[in-house]
Amino acid sequence: MEPWPLMAWGLMLTAITGWIKAVQSRDFTEKDIIFLHPSTTPYPGGFKCFTCEDAPDNYECNRWAPDLYCPRESRYCYTHHKMSWDGNTVSVTKRCVPLEDCLQTGCSDIDHEGNRVCTACCEGNICNLPLPRNETDAIFSTTSPINRSAQSTQTLPLLLLSVSITSLMLHSIN
């Protein structure tokens with residue numbers, strides 16, 4: 001047999017193996033996130049969250065999540081994970097939310113149906129990739145102080161009070 005047909009077979013097999021898709025994992029990776037990460041936003045501080053309502057599992061939620069920016073009034077990504085008594089996922093809900101919706105994170109006890117619910121919130125672009133499964137995961141994680149505007153408004157009265165007390169003390173000493 002001449003070498004050319006053998007080489008042609010080798011090239012053809014190489015091309016065919018490139019067409020065959022490998023089995024893909026049912027979880028998203030950080031590499032997938034890089035493709036979803038925006039280069040521009042519709043408004044300053046704009047971000048995206050995975051969003052779904054009562055998806056059967058995390059993969060289906062993340063896979064079919066619409067690629068939309070969160071509304072301006074939202075600041076966090078929320079995840080609600082309902083599990084059966086043995087830890088299998090019953091449903092997943094993810095969405096963009098304001099601060100008020102993130103004040104009750106954590107896990108509930110098993111209810112009368114044998115289900116447990118864990119909720120988590122996070123701040124950042126597409127930060128709600130994983131599911132909360134226990135108290136360690138079901139947290140509220142932020143990248144900035146939650147009450148930034150309230151801190152500055154509380155600091156001024158405290159400063160004025162401190163200055164007033166100090167001046168009264170100094171005045172009474174003299």
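The backbone N, Cα and C atoms fix where each Cβ goes, glycine too.
Small disclaimer: the values here were computed from a predicted structure and weren't measured.
What Swiss-Prot annotates here:
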type     : residues      : note
DISULFID : Cys49-Cys77   : disulfide bond
DISULFID : Cys52-Cys61   : disulfide bond
DISULFID : Cys70-Cys96   : disulfide bond
DISULFID : Cys102-Cys121 : disulfide bond
DISULFID : Cys107-Cys118 : disulfide bond
DISULFID : Cys122-Cys127 : disulfide bond
DOMAIN   : 47-141        : domain 'UPAR/Ly6'
CARBOHYD : Asn134        : N-linked glycosylation site
CARBOHYD : Asn147        : N-linked glycosylation site
LIPID    : Ser149        : GPI-anchor amidated serine
SIGNAL   : 1-22          : signal peptide
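This view paints the features noted in Swiss-Prot onto the structure.
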residue: Cys49; record: disulfide bond; Cβ contacts under 8 Å, 6 or more apart: Cys70, Ser74, Tyr76, Cys77, Tyr78, Lys94, Arg95, Cys96, Ile126, Cys127, Asn128
residue: Cys52; record: disulfide bond; Cβ contacts under 8 Å, 6 or more apart: Glu60, Cys61, Asn62, Trp64, Ala65, Val92, Thr93, Lys94, Arg95
residue: Cys102; record: disulfide bond; Cβ contacts under 8 Å, 6 or more apart: Tyr76, Tyr78, Cys121, Phe140
residue: Cys107; record: disulfide bond; Cβ contacts under 8 Å, 6 or more apart: Arg116, Val117, Cys118, Thr119, Pro132, Asn134, Glu135, Ala138
residue: Cys122; record: disulfide bond; Cβ contacts under 8 Å, 6 or more apart: Tyr76, Cys77, Thr79, Asn128, Phe140, Ser141, Thr142
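Once Cβ contacts within 10 Å are tallied over all protein chains shown, the disulfide-bonded residues Cys77, Cys127 are led by Cys77. For Cys118 (disulfide bond), the number of other Cβ atoms no farther than 10 Å from its own Cβ, over all displayed protein chains, is 22.
Cys102 (disulfide bond) carries a helical DSSP state (H, G or I). Of all the Cβ atoms in the protein chains shown, 21 others lie within 10 Å of the Cβ of Cys70 (disulfide bond).
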